[in-house]
């Protein structure tokens, strides 16, 4: 699509039959008639009623879109996985319902009264509504199955004790590019477009201390994202609740970057996240390579360029510091006897970073990252082991 013209005009209630006052409607109609190359009109309102849509399309002779239909269309173009496609199908149901009302009222005007279908005792409207209801139920059941499967995977991840970092931000702020830079995963292909990521995807990476973590790429946010769409995608955002840390990425070159930050924070608040997740959030200003000598004015903010790798080491160190606090993991050195089972136990239950062998007395110094529960077990099993805290 190419934007030919735009105009700001006050609207009445978009749910009613007439979206604009008479005068404004006249101005718009004349403007559209003078532009023969116009093929569609986009109204920047969340939803217009099917009746209003029909009135406007009849008057202007072109397709009319609201935010709901445009965002849904972008989503539809980007859906790759089964879950994203199901969520879009669910978000489309309200649209199909309102279109149905429109079609039936047109049919009734043409035929003079509603007809029953093949003696079934059901009107056309009732049949269609029933089909839509059944379809909605099927989609919800399929999504529930996927949700249960994901919860199972989440339990397995928790058992393995991988810290989880959710990377969030406004759509097209560079989340996927940042994850690619942090993990070095060649298979990730960032795209410069809205809602390129519609699903949650998980990617393994390592922090400076060689601790393995999982970075979770999330769906981008949008100001005034239509309400039904948020509900459809809330299952995707549910994952965030189970993360150990949130990294909030901002495109600092965007003229509306402050408004975008407010949008992201308000969506996060609505997700009912635990307060410690919101308090420990890491804010990242991305795309600083596009601004000369950029210095953040806010405190506790990291300036980076995910594309050029600028500031990534500092970011990894900050993530590591916060992850150690959030998960209760410790980095410590223990003295072990090489003949005993300690080393194999540590490899199994903790992350071994380095082993320094002292061959003269058959011992070794082992630097490990260990969780609270594993540390408690270790002290019980090997009470004579020397432990050095940094």
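Even glycines carry a Cβ here, placed using N, Cα and C.
Unlike curated entries, TrEMBL annotations are predicted automatically.
Marked as coiled coil by TrEMBL: 125-152. The domain 'Hflx-type G' annotation in TrEMBL covers 163-327. The GTP binding site feature in TrEMBL is assigned to 169-176, 195-199, 217-220, 286-289, 305-307. Annotation comment: TrEMBL describes 176, 197 as Mg(2+) binding site.
Sequence-distant contacts of residue 169 (GTP binding site), defined as residues of its own chain at least six apart whose C-beta falls under 8 angstroms from its C-beta, comprise 175, 220, 221, 248, 249, 250, 251, 260, 264.
Shown are the binding-site residues 175, 287; the one with the most C-beta atoms within 10 angstroms of its own C-beta is 175. If you measure from the Cα atom of residue 305 (GTP binding site) to that of residue 176 (Mg(2+) binding site), you get 13 Å. Cβ neighbour count for residue 172 (GTP binding site) (all protein chains, 10 Å cutoff from its Cβ): 20.
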